[in-house]
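Participant: Here it is: the structure, laid out below.
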């Protein structure tokens, strides 16, 4: 897609720095090169250059890079000027270029370089979003997963499903167009076999994207338990600061407290909640209700108990809690036995009837490293090579596609209607195509790229 305008932006951060970089992209980039450099640099070579103003006086000097279309970031002619990172010099160069006569050039909008790369087929929409995720990464896991998406791992999975859908639909539509010809295989077995293969592919990618979403958006860990078990003390220890008020009075915490922390490279949102108990206090009741809401929306629950209670009560309490949350979609539950300093017992991990217990002391710090390692390892087990970043819109589209597949299978078993099946497969194809950008509205593109920085 060739545009009739040219864009320019500073791609390095504003402010003083050793190097400042300007990027120009569009059909007039060559004229900008002639005006500012006096020539077009050798393609894809770093060329030492002087940057001239309109009166041919030197504004700055540095490196120029020329990438002729279509072999560039955006697929258009691209000129990069790398000079000294003085904001005043950067502004003078930008003004110089914007004031060039007979050239339609303007400041780039946020994410417009990446948007042009997408529109010109240099990257798909998943890769464009991965660039934004990579820039905003705060942990090593997010960096590696973003790079996997940028390198096309996520797109590869989506394209594999789309390819299978097209192959399936082609055979279906062939049977519609040439229904009078004999088909040398059991048609129903063929269709059910394809449903099974597609179902396996969807379940695999649904599992991967749910893990990728956790990496991008941080693991939500909710601390719950009875009053005075040490929930707030645990929050303070994990966050390495006095985030919550701690007293000997039951019910001190009456509202939800949030703290974002990094545990061994894993981004986590730790949530402290009001103690779970029966109470007549209206304010405390509201806090307890919010505690249950947090539990429902958590990725990992840390149920804190006082280790001084009997083993029988520990077991009874844990089993009762698991029954209470049996209908919730919670991935992990860990029972934390606090106040180990009062019993001077083993500090570590134990299992009782498939329930996991970790003994700690929030007061002395005993077992905290073990707990942190447990929390990070559970996530790192899912964060190996091949995992990619997934956004909410990706998960939503995959869920819609999978629901349509299940619906198509149900309708086939009920009606055996080939036209209806072919149309369902076409719908699934379009839903998945919205993830990569093959079928995407301009409003969605605008919303996605508007979150990017101007230089990208």
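Quick reminder: no glycine exception, Cβ is built from N, Cα and C everywhere.
When I checked Swiss-Prot for this same protein, it listed these features:
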type: BINDING; residues: 23, 80, 122, 456; note: (6S)-5-formyl-5,6,7,8-tetrahydrofolate binding site
type: DOMAIN; residues: 218-380; note: domain 'TrmE-type G'
type: BINDING; residues: 228, 247, 249, 252; note: K(+) binding site
type: BINDING; residues: 228-233, 247-253, 272-275; note: GTP binding site
type: BINDING; residues: 232, 253; note: Mg(2+) binding site
Participant: For residue 274 (GTP binding site), identify the closest of the binding-site residues 80, 122, 228, judging by Cα separation.
Facilitator: 228
Participant: Between residue 228 (K(+) binding site) and residue 23 ((6S)-5-formyl-5,6,7,8-tetrahydrofolate binding site), how many Å separate their Cα atoms?
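Facilitator: With distance taken Cα to Cα, residue 23 ((6S)-5-formyl-5,6,7,8-tetrahydrofolate binding site) is 59 Å from residue 228 (K(+) binding site).
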Participant: Roughly how many angstrom lie between the C-alpha atoms of residue 232 (Mg(2+) binding site) and residue 80 ((6S)-5-formyl-5,6,7,8-tetrahydrofolate binding site)?
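Facilitator: The separation of the Cα atoms works out to 53 Å.
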Participant: Among the binding-site residues listed here (80, 232), identify the one with the smallest other-Cβ count within 10 Å.
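Facilitator: Among the binding-site residues 80, 232, the sparsest Cβ neighbourhood within 10 Å belongs to 80.
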Participant: Work through the binding-site residues one by one (231, 456) and point out the residue whose CB has the fewest other CB atoms within 10 angstroms.
Facilitator: 456
Participant: Excluding 23, 80, 122, 456, please set out which residues of the same chain place their CB within 8 Å of the center of the CB atoms of the (6S)-5-formyl-5,6,7,8-tetrahydrofolate site, keeping sequence order.
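Facilitator: Here the nearby residues are 11, 25, 72, 73, 74, 78, 113, 114, 117, 455.
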Participant: If you skip the near sequence neighbours and keep only those at least six away, which residues in the chain come within under 8 angstroms of residue 23 ((6S)-5-formyl-5,6,7,8-tetrahydrofolate binding site), Cβ to Cβ?
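Facilitator: 8, 9, 10, 11, 78, 79, 80, 108, 113, 455 - these are the non-local Cβ neighbours of residue 23 ((6S)-5-formyl-5,6,7,8-tetrahydrofolate binding site), listed in sequence order.
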Participant: Within 10 Å of each Cβ, count the other Cβ atoms, then let me know which of the binding-site residues 122, 228, 274 comes out lowest.
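Facilitator: Selected from the binding-site residues 122, 228, 274 on minimum Cβ neighbours within 10 Å: 122.
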Participant: Rounded to a whole number, what is the top Cα to Cα distance in Å among the residues the record ties to (6S)-5-formyl-5,6,7,8-tetrahydrofolate, namely 23, 80, 122, 456?
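Facilitator: The span, Cα to Cα at its widest, is 18 Å.
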Participant: Using the alpha carbons only, what distance in Å do you get between residue 122 ((6S)-5-formyl-5,6,7,8-tetrahydrofolate binding site) and residue 231 (GTP binding site) once rounded?
Facilitator: 50
Participant: Over the domain 'TrmE-type G' (218-380), what is the model's average pLDDT?
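Facilitator: Mean per-residue confidence for the domain 'TrmE-type G' (218-380): 85 out of 100.
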Participant: Quick check for the class: what is the C-alpha distance, in angstrom and rounded, between residue 231 (GTP binding site) and residue 456 ((6S)-5-formyl-5,6,7,8-tetrahydrofolate binding site)?
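Facilitator: The separation of the Cα atoms works out to 43 Å.
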Participant: Indicate whether residue 232 (Mg(2+) binding site) is helix, strand or coil by DSSP.
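Facilitator: The three-state answer is helix.
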